[in-house]
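Student: Quick paste from TrEMBL:
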ACT_SITE  148  active site
ACT_SITE  200  active site
ACT_SITE  209  active site
DOMAIN    269-349  domain 'Carbohydrate binding'
């Protein structure tokens, strides 16, 4: 696919090599390369070439504005900012899980430096920049007010139900110099030019046009930054180690602990639960429980159905079907020796989780 030859300093709507190279580097660090290891190593070298260019420690570095923002082009530059920062966030976690470091022309770099770089880009786009402008609509006090977006620039039907034709919307509303009547909260616009300058004008589509491909990578970065340093092994997204018994110290609530689900001695499926965190809200203590389901057999488990009772809150990582729960949409089987994890939150002791049915193949 060309991944061994192309050394990139951009990742965006036209060029996806850096993303492919990052994924292949992950396979290599997971030990999945097999006899392809020499080729995969070339992919990893190119992935690290990209990462080094982001932090200014490569043999060829990506351009930045005086304020420190990645800069690639005039039209919707923000896509390159969020996409590249997302890759840096992911690769930082891969290296941390692998207990490795980034090998740059300027020397070895700790994975934490990649994460710090991604955070600096997020800080910039949310207002920590020379203009003190947030490029996320509705965030902060100084954000774009004339977004290049038809729905945002035309008055709401709830305010004025009068019909607005297509050409009328352009002729009457597009050229208005007033702020948008509909605030497109959360939208990330194209952003500043190479010198941190920004013109908040509706017809300045290169800088004020929002896009889903600006926002999507940003969600991943924010989720990672909000998650803190949980120590999750990003090279093992499905395989989870069996949790050790944990007794939580909580006041004044009872102390949840590791709860193995009763199962017959012949069952090849084990279920272990543990409370991972808790918090108090309006006088009530809520608990987050992690549940790990492990296939202890030498065959693949299919058509797994779990029975869950005494559950009084939301659950993530399973698909509900009638009165039972099955594999999540992205998983249709559980190979021998593998595990899956799901979580739920409620203000009570652990729910009762048991195996209803399954097939071995």
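Cβ atoms here come from the backbone N, Cα and C positions, even for glycine.
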Student: Inside 10 Å of the Cβ of residue 148 (active site), count up the other Cβ atoms and send me the figure.
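Tutor: 20, counting other Cβ atoms within 10 Å of residue 148 (active site).
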Student: When the domain 'Carbohydrate binding' (269-349) is classified with DSSP, how many of its residues are helical, how many are strand and how many are coil?
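Tutor: Counts, helix then strand then coil: 0 helix, 52 strand, 29 coil.
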Student: Could you state the CA-to-CA distance between residue 148 (active site) and residue 200 (active site) to the nearest Å?
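Tutor: That comes out at 10 Å between the alpha carbons.
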Student: Once the chains shown are all counted, how many other Cβ atoms turn up within 10 Å of the Cβ of residue 200 (active site)?
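Tutor: Taking every protein chain into account, the count is 16.
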Student: Return only the integer: C-alpha distance in Å from residue 200 (active site) to residue 209 (active site).
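Tutor: So the Cα of residue 209 (active site) lies 10 Å away from that of residue 200 (active site).
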Student: Counting across all protein chains present, how many other Cβ atoms fall within 10 Å of the Cβ of residue 209 (active site)?
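Tutor: So the number of other Cβ atoms within 10 Å of residue 209 (active site) is 18.
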